[in-house]
Structure formats: C-alpha cells, structure tokens
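Student: So TrEMBL lists the following for this protein:
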TRANSMEM  51-70  transmembrane segment
TRANSMEM  82-101  transmembrane segment
TRANSMEM  108-128  transmembrane segment
TRANSMEM  134-153  transmembrane segment
TRANSMEM  160-181  transmembrane segment
TRANSMEM  193-214  transmembrane segment
Amino acid sequence: MEIGSAANQEKAGVMARGWWWIVALPQKFQEKVVGVANKIKKLGKDDPRRITHSIKVGLALSLVSLFYYFRPLYDDFGDAAIWAVLTVVVVFEFSVGATLGKGINRGIATLCAGALGVGAHHLANLAGEEGEPILLGILVFILAAATTYTRFFPGIKARYDYGMVIFILTFSLVTVSGYRIEKILVLAHQRLSTILIGGSTCVIVSIVVCPVWAGEDLHKLTALNMEKLADFLEGFGAEYFGQERDDGESFVKDDNKKMFHQAYKSVLNSKTTEESL
C-alpha cells in the first residue's frame, strides 16, 4: 500500500508540474515576444541607419523586380532577369563605397569571364563534335583551379575574393551552358546586361537615398582606437611602474585593474573592420 501511495503521489506531482507548465506557457511566450521586440527596438535605436539600409535594400529589389512584372522588359531579357535580382541581394552593402566596390568587382569579373567563356566555346568548336566536351572540361578545370589557387594570395583575398568567385561562376556557366545553347553570345550579353543593371540600381539607390559614407565611420573607429590605446598605455604605466596621480590615488581602480589589458587586443581586432571601410 505504501508503495502504491508513493507512486500515486509521484504521478500527481508530475501531472501538477505539467499543468503549471501549460498554465505558464502563454506568459513565457509573451515574455519572449516582448524580449525580441525590445531587442529589435534597441538595434534600430543604437544606429537608425540600419533601418534606412533595410528600406533601401527592399526598394532596390522592388525596382529590379520590374523586369519580371512588365512584359516588355521581360521579353528583352527573359529568365536572365533573375541575375539582376541576385546582383542586388549580394552586392548591396551598408556604405556607398562598399556597394560601389563590390559592384565594380562583379561587373569586371563577369565581363572577363564572359569573354573568356565565349572564346573557350569557339576554341572547343575547332576540336569537333567529339572533342568539344573534352576540351571544354579541360578548360573549366584549368581556369577554376588556377583562379581558386589565386584566391589564397592575401592581397587578392582581401580585395578581390568576391570578384574571383564571380569569375569562376560566370566562366563555368557560359562555358558549360554554351555546349547546349547555340546563341552563346546572347547568353553572355544578357547576363552582363542584367548584372550591370542590378549593380547600377544598387549604387544609385545607395547614393540617392540617405547615403552612408564610410569616412565618418572610419573616423569614429580611429578616434575610439586612439582612446583605447591611451587607456592601455596609462594603465600599463600605473600597473608596472607604480605611477600615481597628484592626489596619491592609482590611475587604475581595483575593480577595473585588468580591463586595460584587453584594450590593445580590441585595437588589433579592429584591423579587419578598418580594411573593409
């Protein structure tokens, strides 16, 4: 009997906990929603330009989507119009300079890869019907391998890595698709045109609608790094040379005594951000 009573009590306890969990579920859900809303509000309040940037991206996508909505525009480009949409998604950056740089990278890479793809297609035609796919495969392998290896150079990876990826993508697309498509020049022209349209839309919207210039952010970041470096040097002197202020107190408070050790690390870690600006 005692064993049965204990089992019943344990079962009742589990059911009670389950019931209270169900009762508290709406309140927990409400707290989660409020927490997410507060985070969204804080994110926009910390830097209102983030809200503007989001609106600009939506505007640019809406503009290039007109190539699908209007029949005359769609008849000129066909399914290749999707590349304008993809260009906006991957090219649009927070600042004007970053958007312009990425757009130029994509445009030049597409132009060079398209020209080489057309040349490879005509060269493969000289090998005959049986040798054409073999020669195309060899050319794709050589160009893709060489370009991928080039991406490992630090200078190229920092500035032109995105362009290299687009070069591989475009060359492979034009070369492989050209084997089954007779109008290879039309394919290359449509792809280049839609990418130029998408990139131009990004740059125009980025400049015209509340432009964000990286110079201001770079200036603020440099000033902040100088302050952190000064705090580190001041704390370093107080910690290792026993320097004191005129009133006899230490430069470094006890509760913040070790914080200056992280200041120089923060300055070093900001190098990537400075290079991107």
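Placed from the backbone N, Cα and C atoms, the Cβ positions cover glycine too.
Unlike curated entries, TrEMBL annotations are predicted automatically.
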Student: So if I exclude everything within five residues of the ends of the transmembrane segment (82-101), which remaining residues of that chain have a CB under 8 angstroms from its CBs? That is, six or more out.
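Tutor: 49, 53, 56-57, 60-61, 64-65, 67, 190-191, 194-195, 197-199, 201-203, 205-207, 211-214, 217, 276-277.
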Student: Checking distant contacts: for the transmembrane segment (108-128), what same-chain residues at least six beyond its ends satisfy Cβ-Cβ under 8 A?
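Tutor: Tertiary neighbours of the transmembrane segment (108-128) are 134-136, 139, 143, 163-164, 166-171, 173-175, 178-179, 184-185, 188, 191-192, 195.
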Student: Counting Cβ pairs under 8 Å to the transmembrane segment (51-70), which of 134-153, 160-181, 193-214 comes out on top?
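Tutor: The stretch with the most close Cβ contacts to the transmembrane segment (51-70) is 193-214.
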Student: What parts of the chain pack near the transmembrane segment (193-214), using Cβ distances under 8 Å and only residues at least 6 beyond its ends?
Tutor: 49, 52-53, 55-56, 59-60, 63-64, 67, 77, 80-88, 91-100, 103-104, 106-107, 110, 277
